[in-house]
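Some features that TrEMBL has for this protein:
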{"type": "TRANSMEM", "residues": "48-65", "note": "transmembrane segment"}
{"type": "TRANSMEM", "residues": "77-99", "note": "transmembrane segment"}
{"type": "TRANSMEM", "residues": "105-124", "note": "transmembrane segment"}
{"type": "TRANSMEM", "residues": "131-151", "note": "transmembrane segment"}
{"type": "TRANSMEM", "residues": "171-190", "note": "transmembrane segment"}
{"type": "TRANSMEM", "residues": "211-233", "note": "transmembrane segment"}
{"type": "TRANSMEM", "residues": "239-256", "note": "transmembrane segment"}
{"type": "TRANSMEM", "residues": "268-290", "note": "transmembrane segment"}
{"type": "TRANSMEM", "residues": "296-314", "note": "transmembrane segment"}
{"type": "TRANSMEM", "residues": "334-352", "note": "transmembrane segment"}
{"type": "TRANSMEM", "residues": "358-377", "note": "transmembrane segment"}
C-alpha cells in the first residue's frame, strides 16, 4: 500500500479512542508550550488550559458515559452533569478571572482523586487484572496503559491544585508522560474494541450527544458575547477560537464530521483533526498567539460549511417521502447553515455585525441545533417503531 492509498483508507477508531487521542494531544501540546512559558518567552493564560481540560472531561461523560471514577452510563442525570461541567469549562476559558478555585477543585477531584480511585480499583480487582494478564497480547498493554494513565492523572490533578507541588519543568515532564499514556491507551483500545465492540447505552448515540454539547456551547457563547460586547465582562478571543477548534477536532476524530461536511475517517482526516487539536490548545493557552490566523480559518470554515450545506439541501429538494417532520428537519438544517454563514462572515469582515447581534446569532444557532437534535431523536424513534411493527 502506497502513501496515497494509506491516506484514503478508513480507520476503525472508536469514539473512546478518538476522545482519548484528543486529550492526549492536548496534554502533549500543553507540555511543549510550558517550556517557553516557564522561561518567560511566551505569555500564559492558565484558565484557558483549565477550562479546556474540563470541557474534554465533559465530552467523555456525555458521549461515552465515563466519569472520572468509572463507567456511569449515559443516563439523563450524568448527561446534565456533563453539560454543567462543560458550561463551567467554557466560562472558565472565555472570561478571565471569573472562576478561580472552582476549576482547580473540579480537576483535583476528577483527575487527582478520580485517578487514585481508578488505580486502586484496577489493583484490587484481581479477577479483571488477572484475566487481562492471562489473555496476554494487547490486554497486557491495556493493563499497563490504564495503570500509567491513572497514576499520572493523579499527579497532574494534585499539581493543578497546588502550583508549589512541582516545578514548571517537572510539571511539563509529568504532562508529557500523561499525554503519552493517553495516546498509548487510545491506540491499545483500537484492536480491543474492534474484536469486542462495546454495547450501546443511553438514549442518545455519541454523535447526537455531541450535537447536544455543541448546541449548549453555542447558546452559552452567544449569551456571554452580549455583556462582553457592552464592555461588562472581559473576554479571551484566543480561548474562544481555540475551544472551537478543539470541538471541530473531536467531531472529526470521533465521527468524521468536519465543518464542511461528513467524510470517512481516513488517516488524512484524522491528521487534520490532530492538527486542529494542537492549534486549539495553543490558542487557549497563549493569549493572542493565533487569533488572526484562527479568526480567518474559523470564518472560512463556517462560510464554506454553511454554503455547502445549503447546496446539498437545494440539490435534494423534493426527493424522498413527504413527511411533515422531514420538512421541518430540512428547514431547521437550512437555518443552521444560514447561521453558520452569518457567523463566518462576521469573523471575516470586521464590524459587519455588532457584538450583540453576533451573540444573538450564536444563541439562536445553538437553540436551533438543540431543536435539530430533538427532531433527529423523534425520527429515530419513528424508524424504530416502523421496524418493530
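Cβ coordinates come from backbone N, Cα and C, glycine included.
TrEMBL labels come from automatic prediction, so no person has curated them.
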Which range out of 48-65, 105-124, 268-290, 358-377 gives the transmembrane segment (131-151) the most CB pairs under 8 Å?
105-124
Do any residues of this chain, six or more beyond the ends of the transmembrane segment (171-190), have a C-beta under 8 angstroms from a C-beta of it, and if so which?
12-14, 16-18, 20-21, 23-32, 34-35, 38, 138, 141-142, 145-146, 148-149, 152-153, 155-156, 159
Sequence-distant contacts of the transmembrane segment (77-99), meaning Cβ under 8 Å and at least 6 residues beyond its ends, amount to 45, 47-48, 50-55, 57-59, 61-62, 65, 67, 106, 202, 204, 209, 212-213, 216-217, 220-221, 224, 233-236, 239-240, 242-243, 284
Positions whose Cβ lies under 8 angstroms from the transmembrane segment (211-233), at least six residues beyond its ends:
58-59, 62-63, 79, 82-83, 86-87, 90-91, 94-95, 98, 204, 240, 243, 247, 251, 354-356, 358-367, 369-370, 372-373, 376
Using a Cβ cut-off under 8 Å, which residues of the same chain at least 6 positions beyond either end of the transmembrane segment (239-256) come close to it?
13, 15, 18-19, 21-22, 26, 45, 47-48, 51-52, 55-56, 59, 63, 90, 93-94, 206-207, 210, 214, 217, 221, 262-265, 269-270, 272-274, 276-277, 279-285, 290-291, 294-295, 297-298, 301
